[in-house]
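Data first, discussion second: the structure below is written as structure tokens.
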Amino acid sequence: MKIAITGTPGVGKTTVCEALRDLGFDVVHLNKVAREMDAILEEDEQRQAKVVDLHALRRYVEEWEPESDPAFVESHYAHLMPTDLVIVLRLHPSELERRLKEKGYPPEKIAENLEAEFVGVCYGEAVEVRSEGCFIRPPEDVIQVNVTGLSRAEAADRVLEAVNHRRGDDVDWLSDEEAQRTVERYLKYR
């Protein structure tokens, strides 16, 4: 079984996947694969982002034959890949702000990522892709996992628990006042 690990930049996708690799699971980091395959189509300097060839990466994931079951495909666009399950990592915006500052992100990029996490862009995209336009209820193969306050090992364990039980967390930053205040501080950069 191939499982996508996705989420807003900074939520801990790579860190969680490295912990899963340490536990013996196969992991593909799509950003690394995109560089190795020369599948980066352009650099969006204004957004400080790379535009990748999704068709080439989908083909790569389809043809990938991992040894472990499950195996993980990691990227903020992994939910667009042909996988059996999507895990969307979620992180409280105040913690995301701290991490992005530590990584040296400029305020404009922090604002973009905080807003994306606050409204659940990756989760919404995954639901849209997996539900094929039918939004009566979220598809069962898209699961949110809140990693706020968890260690690397705890987050990996939480992901495996969500995979095994096909159940995750209900995440709603929109009704969280601290999350609202965190995002509001960055509105001037949007």
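For all residues, glycine too, the Cβ spot is worked out from N, Cα and C.
Features of the protein shown, as given by Swiss-Prot:
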type: BINDING; residues: Gly10, Gly12, Lys13, Thr14, Thr15; note: ATP binding site
type: REGION; residues: 29-52; note: region 'NMP'
type: REGION; residues: 102-112; note: region 'LID'
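Shown on the structure are the features that Swiss-Prot records.
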| residue | record | contacts (Cβ under 8 Å, 6+ apart) |
| --- | --- | --- |
| Gly10 | ATP binding site | Leu91, Leu96, Arg99, Leu100, Lys103, Tyr105, Asn113 |
| Gly12 | ATP binding site | Leu89, Leu91, Arg99, Val147, Arg152, Ala155 |
| Lys13 | ATP binding site | Ile5, Thr6, Gly7, Glu74, Ser75, His76, Ala78, Leu89 |
| Thr14 | ATP binding site | His29, Glu74 |
| Thr15 | ATP binding site | Arg152, Ala155 |
Other than Gly10, Gly12, Lys13, Thr14, Thr15 themselves, what residues in this chain have Cβ atoms within 8 Å of the centroid of the ATP site's Cβ atoms?
Gly7, Val11, Val16, Cys17, Leu89
Please work out the mean pLDDT for the residues of the region 'NMP' (29-52).
78
For the region 'LID' (102-112), residues assigned helix / strand / coil by DSSP
7 helix, 0 strand, 4 coil
Looking only at DSSP and grouping its letters into three states, which state does Lys13 (ATP binding site) belong to?
helix
